[in-house]
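The following features are taken from TrEMBL:
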- ARG128, GLN220, ARG459: substrate binding site (BINDING)
- GLU143, LYS309, 367-376, TYR378, 401-404, GLU434, LYS461, GLU467: ATP binding site (BINDING)
- GLU143, ASN145, GLU371: Mg(2+) binding site (BINDING)
- 204-306: domain 'Glutathione synthase substrate-binding' (DOMAIN)
Amino acid sequence: MTACRLEPCIKLPLSEEKLRESVDKAKDWTLMHGISKRSMKNYSKDQVQLLPFTLIPSSFPQKPFLIVKNVQVLLNQLIHKVAYDKEFLTNSLKSTIQTDSFTAKLFRIYETVYEEGFSQNISLGLLRSDYLLHDDCKIKQVEINTIAASFAALATITSQYHKYILGELGYTKEANERIPENNAIIGFCEGLVRAWELYNNTEAIILFIVEDVTYNISDQRFHEFQIRQLCPKIKIIRRSLTSLTLEEVKLGPNKELIVANMIVAVVYYRSGYELEAYPTEKEWDIRLLIERSRAIKCPSVQYHLAGTKKVQQSLAQSSVLKKFLKDETSVARVQEIFTGLYTLDFNEDGEKAIEMGISKPNKFVLKPQREGGGNNIYNENIKTWLSSMRDSQERTAWILMDRIYPPLQKNYLIRAVEDPSLEDNFDLLEVITELGVYGVIIGDSNNIIVNKQVGHILRTKASSEDEGGIVAGVGALDSPYLIS
Ligand code: ADP
Ligand code: MG
């Protein structure tokens, strides 16, 4: 069922000797430049370990790469308009919030601040739209992330690493020509700094909302370091929703968000998209308090909702894009990157989708309203799930999506050695790659102030894996090597 193959950018396999030498250099370069995380097995604040990465950049056709790089500003605009359209969000999520309690809680917060009137009209979006190649040269969107879109920093470093290693292997010229410029970290941090400036209080700080224990520490810290370089005035603090108490977080007389006696200009969520971030009602109360405040949120709750799979599915209906994108060319350009997405609501379309999924499970992916990987259902399991849910309200919390079968290629995946009996941990594998494009958007209900495409990432996994989290150790950081 898989489409065709892509050739690797250099001849593989490498000789045993060349491979050993390259892997040694590669591990030292990447570790010393921050392609790392905290160990899950042996957590220590004194140590980081390698994140998985590919030895060489993976081949990626130039045409679809440019198509999605260029469409990013339209997607930014689309998400922004959707987020500021109460009627559309409400209609899209109406059935989902009856069964999905997480989305329902977010929606409740949204309705509350909407009814009270927003204290802050501006939203900051740091987005990442993810894609798989399909049938060789077409490219299709997997999803768009509006909260905690990760790896802008490590993607930038990975592009630099791949230039280095191709140079080591004797391909400096090709590396310079074929590995596109990537400054995602600067783009994201300029977005955060711009939002901080718009808040217009030089004493105010940026608050990162993080997990209780952060494994993906390097990517997050590089954002802090970059902001310090771009604007030395800005102080950054990190807190988890669980660690914040209602005594520590307050609203000031003009709805300023005050944390540890400092006014917060921008709240940047690197957590909060997952159930685990809200173990008790208190964390939801804190989220509501933050939304009520004058701080600029990345994302605001309406941006968070605009990034749900259910909204993605609503947008894929052909008539809908016309409402948000004025000219036909823009509609066609966005339509081109969408694949089939189907509602499972109790209506004619929903019944049709249930039938399709049960009769041809290999052609689809079944998705709940969750983020962070590992939640989707594939293959024969789709049959089982759809059959058991078909008469239950539960099904409206899910969507069905056409399965994309990307081309295979070969690459070496390198990982930290966690098993002491192993000397090294790398394999030449059949892999598939997922491209992410980063976008920055700042605006309010009337104006868009900033709208940019700022960089990209490739995430690569063995073709045998359905899903591949990088921090979980399945996927690997990669960068595209453009081929014609
Ligand atoms: P999450 O929000 O959990 O990241 P995604 O929609 O990105 O959810 O799905 C997770 C992974 O599942 C993707 O990175 C991709 O590898 C795979 N996947 C998702 N949708 C599809 C699809 N339509 N076809 C093939 N693989 C998919
Ligand atoms: Mg994803």
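Cβ coordinates are placed from backbone N, Cα and C, and glycine is handled just like the others.
Mean predicted confidence for the domain 'Glutathione synthase substrate-binding' (204-306): the pLDDT average there is 97. Within 10 Å of GLU371 (ATP binding site), judged by CA to CA distance, lie the following binding-site residues from the set ARG128, ASN145, GLN220, ARG459: ASN145.
According to DSSP, GLN220 (substrate binding site) is assigned to a helical segment.
Here the candidates are the binding-site residues GLU143, ASN145, ARG403, LYS461, and by Cα distance the one nearest GLN220 (substrate binding site) turns out to be ASN145. Within 8 Å of the centroid defined by the CB atoms of GLU143, ASN145, GLU371, the record's Mg(2+) site, lie the Cβ atoms of ARG128, ASP130, ILE144, THR146, ILE147, ALA149, TYR273, GLY307, LYS309, GLY372, excluding the listed residues themselves. Note on proximity: among GLU143, ASN145, PRO368, GLY374, LYS461, the binding-site residues of the record, the Cα nearest ARG128 (substrate binding site) is that of ASN145.
Checking the binding-site residues GLU143, GLN220, PRO368, GLU371, LYS461 against ligand 2, the ones whose Cβ sits under 6 Å from it are GLU143.
Largest Cα to Cα distance within the recorded substrate binders ARG128, GLN220, ARG459: about 18 Å as a whole number. Taking a Cβ cut-off of under 6 Å from any atom of ligand 1, the binding-site residues ARG128, GLU143, GLN220 reduce to GLU143. Summary for the binding-site residues ARG403, ARG459: the Cβ-based neighbour count within 10 Å is maximal at ARG459. Other Cβ atoms within 10 Å of the Cβ of ARG128 (substrate binding site) number 25 in total over all chains. A separation of roughly 14 Å, to the nearest angstrom, links the Cα atoms of GLU143 (ATP binding site) and ARG459 (substrate binding site). For the domain 'Glutathione synthase substrate-binding' (204-306), DSSP puts the residue distribution at 35 helix, 26 strand, 42 coil. Neighbour counts of Cβ atoms within 10 Å were taken for the binding-site residues GLU143, GLU371; the minimum is at GLU143.
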